[in-house]
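The structure appears below as structure tokens.
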Amino acid sequence: MPAWPRFMSLRRQYLYKALDKNHQKHPIKHPHTRFLSRLFCALAVLFSYSIYQSFRTDLKQSGSWGCEMSWMSPSYRRLEWTEFISTRYALYLYREQGLDSEDTLSGHPVLFVPGNAGSYQQVRSIASSASKQYYEQVKARERNVVTGKKIDFFTADLKEEFSAFHARTVREQAVFIQHCIKGILQEYTHLPQEKRPTQVTLLAHSMGGVVARLAMDPITSISVDIIVTLSTPHILPPLALERDMDSIYSLIRWRRQHISTHPPLISICGGISDTQIVSDSCALPFFQAGNNSDIAVFTTGIPGVWTAVEHQAIIWCHQIRWRIARMLLDMSSRANTTAKLVTAKEWLLDYQEDETLKEPRSERQHDYSVSSRNMTFIGLHQPSKAFVAQQCNGLERCRTVPSVMSLLPFPNNPSDPFPLPGEGIKPSEVMLVAEISLSSTNTVVKINASQYGQTIAGSREHHLVKGNSWKVNSSLPSLTTHHLFHFENAFLSSLVTHSLDITLGHCKDFKPLIKHISQPALELQSATFESNYYFASGRPIHLHSHSTAGPFLPYQDRAGIYLEIFQSPLCPVQQVSLRKNYYNVLAKSVTRYRMVVLAWPVGWATVVLLFQLSDFINTGEILPWNSALERIARRRMPICIVLLLLGATIQSQLPDFPMLHTFFLGVNQLEMVPLVGILGVWTFGLLCVVSFVITACLWLLGCIIQQPHGHERLEDETKSKHDWLGVVMIGAAAVLVNQVIPHQLIFLLCVILLWLSAARSKALNDRYHLISTCAIFTTLLIPFKILHVAIWSRNIWTGSAALVSTDNNFYYAIPPVLLVKCASCGGTIQKRHVCLKACRIALIILIMSSFSVGARWTWILSPIANAVLILFVASII
């Protein structure tokens, strides 16, 4: 028989004997249970696909956005200072070509801080709009708006670093911003003392907002008047992989509460279309400092914008950048911070007080009979708020009635989607809504509206809805133009959407406009403003909110949904129905529970490792990973799910208990408890998928690298020379280059060597089971390390490598190096009872930490896992 067929025959005989021997060692009492892990794999794949489809559907239904593209002619001039500040970063002055021709600075300084991997050139959209608007006003001589101030935009070049993933990068950038503020003010020393600016306005995008706030120490905060942030996660960090990042957020909150000179914060949020951050974190709690308070507003409620915006598009979206630029221009001419905040509210919130105009501004009047003491007038295609209402009873002189006015969207083509993709809303596509309250109904209302087109008048009615549906009681023609609904029992959570069904009567006019006003959580009131606009189209409207109760937030949930419907009496609303849509909870979980995908599979893997260790203590043999996984699926996993559900139920019953909102999935509503069990089963299935993939890769790698010599393989000691060489190289790198190479890189190299050792091991023996277990467990820890390696590699490439304080700590490199050493020497678990007992305790702590706080405080798992590996190695050596 030829050599190769003889070798394959002997190989098959060897494998059959090994499989039979292994089956005798670890018999499976219930053969059908071997399919449980495969079943969970299939469920995990199907559920992952369902989550993906739900996310896409949710974005299609609620996350569509429309913005007009912006254009500019940018130029940048780098500022050179004699004082040494940084050779790593730089500061530039923006100038719009063809407009900003002067070299000297005479305006109000605004410093732009880019976000994660952001470029300093992103300032060009807002800066260009500010320059164009300023010179247009000068040309038109609008002296009531322009007072000689213009905006000088400065922009920080932070080398497009990954500030969202690296806390020390955030700290270094904050120090540079502090120096920039001092240097910018020094650029105005050529002006007379009374004309020199004493404060700088900070404009920041994404994580640049965190950098800007971190720079506000007691000294620097005096030199800053207002901080404006765009799509910045203020409440929670986007990734909870570093303890130092949480420390930064805690320091920022402490400074905001205790530094009296801290500048007010204006946060502009993109809403549901922003999938890079959770817009729940863009909201702001209410901090009052004198008359200056922070405000957060979502772009869906900004007048003239009325659309959610993608994370990067919020910088260049024309409707937003025009309004921000105009707001900055107006604020630059205000004398104090209070006046600047009032200006900001006028441009961002449609901030209006009751207006009483003593004299009419138009000679033409329209008379309307009074149908109710509360009336709402709708002026179609009215971009102006010049509105006067007078109440006349025939016996006395007409008197002016106070009115509350606002501009709402009103597209020219009602058949187009709202907002229109690629264009959004036009400045002329608005309608004026004026609300008045009369003293009696036996009067006539005169409206001065000569410059307006069609004006519709009707009553304003309030409806308190106990259930989920409201229906018109009368069959008479409707005289109502404004409905206000309060569904007081509606469940509120940022994880839940509601489907709103509007039934219309015979329609001869424009379709009704629906305004959904989100009621913020208690601690967000007076600081966070969110509203969304929809048009009745015959299809269900999906209502969502970011400022209500959200995961991991200590805010109490509130019940009730508020709606306003503006309609023509010729197209009345007949019925309004509201129902919860639990399927979209999966879509909302994508951005809010990213860390669950990392933390909970580690918890399940720790359960498997604990089961293997306990089985070894009882039998003296190492159970294969996949066999242990199947037994966990049959016995331990259901118990763990029940414990998770029990813990989440207790959490929902104690919403006011300190820090309890950070446990499990961070939800305080009983209706959200099943989500804990669903994600628990899903993450267990993900572990099964990862385990089978790694096992298959190890088998394939073994087939590639193994070189057969007859039916016997070389001894482990002679095959492990390459492994020993790797251990020596890694040890030398860890000791000799301790200040250069981060421990995360050493960990990754050790995982690679563990894979090679597992692939070279003799299959189906205790040594192979031990090495494959170590390879699978350490592979699940790679996501906790890979970001640091990516940041370090990029910094090496750009010549600005920097490590955090623990990156060069050899303590974190000891366990993987020793694991590779044990794998190379053929070590196996010894019955050292003290080490095994300590290792079991550490495993239990890691399990509890993974499931209880791993979704919020994910960084806590890495040091605990490191301790587990140390104790595990101690039981092997």
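Every residue, even glycine, has its Cβ placed from backbone N, Cα and C.
The following features are taken from Swiss-Prot:
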ACT_SITE  Ser206  active site
CARBOHYD  Asn291  N-linked glycosylation site
CARBOHYD  Asn336  N-linked glycosylation site
CARBOHYD  Asn374  N-linked glycosylation site
CARBOHYD  Asn448  N-linked glycosylation site
CARBOHYD  Asn473  N-linked glycosylation site
TRANSMEM  35-55  transmembrane segment
TRANSMEM  597-617  transmembrane segment
TRANSMEM  637-657  transmembrane segment
TRANSMEM  674-694  transmembrane segment
TRANSMEM  735-755  transmembrane segment
TRANSMEM  771-791  transmembrane segment
TRANSMEM  809-829  transmembrane segment
TRANSMEM  834-854  transmembrane segment
TRANSMEM  857-877  transmembrane segment
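Checking each of the recorded positions Ser206, Asn336, Asn374 against Asn473 (N-linked glycosylation site) by C-alpha distance, the shortest gap belongs to Asn374.
Sequence-distant contacts of the transmembrane segment (637-657) (same chain, six or more residues past either end, CB-CB distance under 8 Å): 556-557, 604, 607, 663-665, 667-670, 672-674, 676-677, 680-681, 684, 851-852.
Taken residue by residue with DSSP, Ser206 (active site) is part of neither helix nor strand, so it is coil. Checking each of the recorded positions Ser206, Asn374, Asn448 against Asn336 (N-linked glycosylation site) by C-alpha distance, the shortest gap belongs to Ser206. For the transmembrane segment (674-694), the residues of the chain that approach it from at least six positions outside its boundaries are 37-38, 40-45, 47-48, 495, 585, 589, 593, 596-597, 600-601, 603-605, 608, 625-626, 629, 633, 637, 640-641, 644-645, 647-648, 664-665, 667, 772, 775-776, 779-780, 851, judged by C-beta separation under 8 angstroms.
Cβ atoms under 8 Å from those of the transmembrane segment (35-55) belong to residues 583-584, 586-587, 589-590, 626, 629-630, 633-634, 681-682, 684-686, 688-689, 691-692 of the same chain, restricted to positions at least 6 beyond its ends. Within 10 Å of its Cβ, the residue among the recorded positions Ser206, Asn336, Asn374, Asn448, Asn473 with the fewest other Cβ atoms is Asn473. Here the C-alpha separation of Ser206 (active site) and Asn448 (N-linked glycosylation site) works out to 45 Å.
For the pair Asn448 (N-linked glycosylation site) and Asn374 (N-linked glycosylation site), the C-alpha distance works out to 18 angstrom. Listed stretches 771-791, 834-854, 857-877 were compared with the transmembrane segment (597-617); the greatest number of C-beta pairs under 8 angstroms is found for 834-854.
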